[in-house]
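One structure below.
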Amino acid sequence: MAKITKEIVFGNHKLILETGEVARQADGAVMASMNGTQVLVTVVWKKDGGESNDFFPLTVNYQEKFYAIGKIPGGFNKREGRPSDNETLISRLIDRPIRPLFPDNFFNEVQIIATVLSLNPEVSPDIIAMIGASAALSISGVPFNGPIGAARVGYKDGVYLLNPSRKEQEESKLDLVIAGTKDAILMVESEAQELSEDIMRGAMLYGHEMMKNVIKSIEELARDVGKSKPEWKAPEIDTVLKARINDVARNEVEAAYLIKDKQQRYQRLGELREQTISALLAENDELNADVIANMFGELERSIVRNRILDGEPRIDGRDHRTVRPISVRTKFLERTHGSCLFTRGETQAIVVATLGNERDAQILDGISGESRDRFMLHYNFPPYSVGETGQVGSPKRREIGHGRLAKRALMAVLPDANEFPYVLRIVSEITESNGSSSMATVCGTSLALMDAGVPLKAPVAGVAMGLIKEGDRYAVLTDILGDEDHLGDMDFKVAGTEKGITALQMDIKISGITNEIMERALEQALEGRTHILGVMNNALAEHRTELSQHAPRITTMKVAEDKIRTIIGKGGATIKGLIESTGVSIDIDDSGVIQLFSPDKIALEEAQKQIKALIAEIEVGQTYQGKVSKIVDFGAFINLLPGKDGLLHISQICAARTQKVEEVLQEGQEIEVFVAGIDKQGRVKLEWKDKPQAEAKEVEDAPVSATFLTMEEQSEEINSGNKISEEEE
């Protein structure tokens, strides 16, 4: 196939889609480029074998190559390894809008691989990868009801920004990624700084409108390639069997969905499913048990959806707008820094906040460069939370995605590092789940952080919205259950403060979501969020004024840059000595900011005291308790401050000209001295403050000039006695 190229004006950028030159043995391959960022996206699908599957085996792998930015990977092997969290999240970003566009009952294996080959740091590759995946699918011949487009939308000074650069994004109050077909929005992922519902809705509509030009160009590319799609027909529905299942099971299934307890309801539905399969196989042993089970599921879906659309109570008895009962317990765990048990209906999370110092920040080494993450949020979904057995270990894609959504919801309200210098780690342990566990994590995180004494700018709550739509009839549901998510048409999660939205995630399974439906969903989400915030504020309205007794303390000091070397010492000896003697963790940066970290308040105060002494300057007219550090023929050097000595002249020590300094003072002896002066060369002249009067008189009467050398005459000796030599500096 000859090389085919499409150039698309996309905001301030030019998007280029190319096929026919690279990866020609894949069913579909597109090189998507934008201002120096290039992503190769390939699609391969199996033409048969789907009959043996009862699910759709779609796999999306997004991978970043370090050579794309001219870097060599770190680590022992010096090659790319397991996917980073960012790669996993972008894989999900590609997967979510395209998965609903494959036909029902299409179970053939499909694999999409997106590889970043070249990276301009100012142009994010995620949008390019999403568009490339859409184009590759459209030319692959796989049954696909696309194409889709994708766009990133920012918001600054009342203006929406299309595909902002990284620099522009840093100044934006919104980071919204949207994907959809020319007729409908399918997926939204966003982080915002407390923006209103109207601004968020406007951003979605703006992004959807802007991507239509991309969709049109992909359609043209597919026509130019001209690959014919193989005949694929969905299996014919056995209407007789469907009617028979309805006759056998409908009444019992309707009754089962009146059981409000999830586990009891699931147990009863499982029994009914097995009874139905057994009864129908007894009537006709040629029937397929899996087909019967799938049709039984369709019956469940029909019953639940029609009941809601008819205005009847939902599965757990609520109306469309009511939030499930909520209970909150802060200080749930005794020795953690902050904790919360958040329960909403049959969804429950133990959320724990831990405070650390700068050394605990997570180092992220990706192709965009190394960075440090001061706020980590880890979401765990153990199998017992849904009454099942399963593997426990590394987080799965879903856990990484849910954790990132909850993290995004809190980013807008975190205190600045100079106001609260702690590194924060949140762990959310989902102990029960029946829908919206990510939003329970948002609520629990806000409470756990405030319980730990973190001064959040405002509390944050989240709620998951659902949709049931048949023709022109629809119902928007607040705080959906797991079954309502599974059997419904939309999962729309909204988190925010009383002031506005901080995070929004939407996945839609159908086309035709109107502006009216979106407006209704946002309005109900605000109502639900406000209610949840009220319950949370009744439990803990503001952050605790004192940190937990088990939490470490951080003190920050600022010193002049020319004092950094003094604190560190030769080969780090001084700072190591401070750390060993006090047990305090000490970090100092190039600007002179020192961070002291310890669970022991007394140790912190001691470390501060020692550092202040290290950088303190000797002042004329002040009295110091010094220690004799060195005795010389013409006097004694007295250590006043760490690394700083002064000279106590022999005339201030000895009463007679025949007396030696060693007869009066010994090294290590402590005496009180007065700083009489400091000359231009920085030499410190001392007087012995508590020298006996008799000795003082005798010294005054003695011909000092004939017996002792003056300070000026001993300048070389004085300089040689300084504690910090030029070599040490």
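Note that Cβ sites are derived from N, Cα and C of the backbone, with glycine treated the same way.
Here is what Swiss-Prot records for this protein:
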{"type": "BINDING", "residues": "Asp485, Asp491", "note": "Mg(2+) binding site"}
{"type": "DOMAIN", "residues": "552-611", "note": "domain 'KH'"}
{"type": "DOMAIN", "residues": "621-689", "note": "domain 'S1 motif'"}
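Residue counts for the domain 'S1 motif' (621-689) under DSSP, split into helix (H, G, I), strand (E, B) and coil, are 6 helix, 37 strand, 26 coil.
DSSP assignment over the domain 'KH' (552-611) gives 32 helix, 16 strand, 12 coil. Within the model, the domain 'KH' (552-611) carries an average pLDDT of 87.
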